[in-house]
Amino acid sequence: MARLRVYELARQLEMDTRDLMKELKELGIEVKSHMSYIDEETVNLLLEMYSEEDELEDELIYEEYEEEVEKEIKRKSKEFVEKSEVVKKKKGVIKLEEEDLKLDKFAQKIGIPQNRIIQDFFMKGEILKPGQTLNLQLAKKIAKIYDIKISFEVEEREEKKVNPLEEVERYFEEKYSEGEGLSERPPVVTVMGHVDHGKTTLLDYIRNTRVAEREEGGITQSIGAYQVEVNGKKITFIDTPGHEIFTEMRARGAQATDIVVLIVAADDGVMPQTVEAFNHAKSANVPIIVAINKIDKPNANVEKTKQELVNKINLIPEEWGGDTIVVPISAKKGQNVDTLLEMILLVAEMQEIKGLPDGPVRAVTIETRMERGFGPVANVIIKDGVLHVGDYVISGKVMGKVKALVNDRGERIREAGPSMPVMIVGFEELPDSHGMVYSVESLSKAREITSKIAELEQKELRRKRHMKLEEILKMMEQSDRKELNLILKADTNGSVLALNGAINKLQSDEIKINVIHSGVGAITSSDVMLATASDAIIFGFRVKADSKARKMAEAEGIQIKTYSIVYKLIEDLKAALEGMLEPEEIEEISGRGEIRKVFKIKKVGSIAGVQMKEGYVESDGIVRLYREGKLIFEGKIESLKHYQQDVKKVEAPQECGIKLEAFDDIKEGDELEFYILKKVSKKLNFDEEKGE
């Protein structure tokens, strides 16, 4: 038997890699990681040792069973004693809920008859009524009189503004911290990297689809999720767009993922979006596996790429003494892709990726959109629980009943468990594309939670509207800053968010862009009416305008522009912004000359006899006069003559006569600098870093 890596030996022994590493440590065999080698002699000894242990295992099973039964009896007894103690201690500090602030319930809680409390307070000159609602101050006063200690679980209703979804999340936090009921689930993997480094090609090879061929402009423009099976185990892949414009979408992908595969082209190295993708993974505290792609290319340089990983993002490969798994691959030819998948499963095993298979459902939303024949849908990855057709679900203030579940292969399924990517059909409205989806036990519960969330959002919106009004008034007081109003419609919520982010980068001091409305779906007559009222341009991304909207836009003179490639939309918008600016006047030096002689003419003034040294002078140009290096005059030319003839232009090395407008204090030796003012289209300095 040859030497083996730790994870390879664990596979042969049918053991968990982590357990084997613990066993090796107890045996005094030092290994740094799952990738460490074990020599041949040690491998043989371990194989022999574990085969002997298997023979003894059957004899030990009964003894272990007896021990477990004894432990369970002791645990149950302890729980019974603890519960008894809790009941006895209840007289200490009495915990009160908000509904206990009615006098009758309060009296019952503290063990003092309501009538006695009313009588005692009457004797003190204070009147209380049966069932009266108490405030916190009065409740504490009553408790103090009878020397009773109380504590409140909640604050007063008017101060309480808790989002009900926080309580739902708290349930999952408690379950995870307790560790009970958790079981292994498939890893969710995100492939990230620079544009054209091969993300879609890799996923295409793994899943054997033609996604890469369908994308326009070479950019993946929507987030998708797919599940594959490798060596009997499942892996869920999220495909996130690589172009910088979709930073926000990619960041959401990182939040939903367990492992990141950072793909780097061997012929291109670490690029800006590679660094950006790495930062998303790092900030999300997600383990990273590096796939060095395109090793089949003649100019591929794997070692140089590894060096860039170290120098630019401080990822040190395992073979160089670091802890980053690096796998050279060719996504196009499939070379070493199986090894990459094995490494994903290995890292998943080491990370102990788990979920709650029982109880309520919690899912991460990857994308939402309007789907023909289905209405509002949400693509999600289930994190906890099992979602069934017929379940009630909520996402923010939107609720629904699951009418259908569609998996990544387009098949209708009855249920979806942890780590499964699935499309949920049945929402009443389009849910938020970067929210969570939860299951609830009933329709009434769904309505209760969503109505509370809607109420909280309305309060927040009213507060923000007031702030916006103040900002608008302030802007009206300011000077000539131009504004461009836009209406933005796109095919998916993710595209709307990403394009809003890209447009925000184009804001400048000269022009403000107002996206007065953005949404998902076709351009409608309502959009045109809004554009008419606000003098806006309508931009559509991968959507069309319906016939009614087109006719109305033509009649109202509203411009509708539609695009299927992001770059074109942004470039056209830049051109439109620059077209709104007033042309900029720039100064262009045309020539220089020296006054050789001064002619004083009655009723005319002083005429300069000028020797042109370089360039030219024009009759409608502007001149600066310098004396001993100091600027004495700057103004227009009144007349330009050459041999007594009025001319429009004189070039060096010719001589000419120049009369300056409203200035006669000229001397021999004065130097003249001639320039003209040209109007050029102004260019905006777009803030490319804004919103990153």
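Placed from the backbone N, Cα and C atoms, the Cβ positions cover glycine too.
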Per Swiss-Prot, the range holding region 'G4', considering 33-36, 69-72, 293-296, 465-468: 293-296
Range annotated as region 'G3' in Swiss-Prot, from 51-54, 155-158, 239-242, 627-630: 239-242
Candidate ranges 177-184, 193-200 [criterion: Swiss-Prot lists as region 'G1']: 193-200
Annotated stretch (region 'G2', per Swiss-Prot) among the listed ranges 113-117, 218-222, 508-512, 653-657: 218-222
Per-residue Cβ crowding (10 Å cut-off), top of binding-site residues D196, K199: K199
Packing count at G193 (GTP binding site) (other Cβ atoms within 10 Å of its Cβ): 28
For D196 (GTP binding site): DSSP state (helix, strand, coil): coil
Helix, strand and coil totals (DSSP H, G, I; E, B; other) for the region 'G4' (293-296): 0 helix, 1 strand, 3 coil
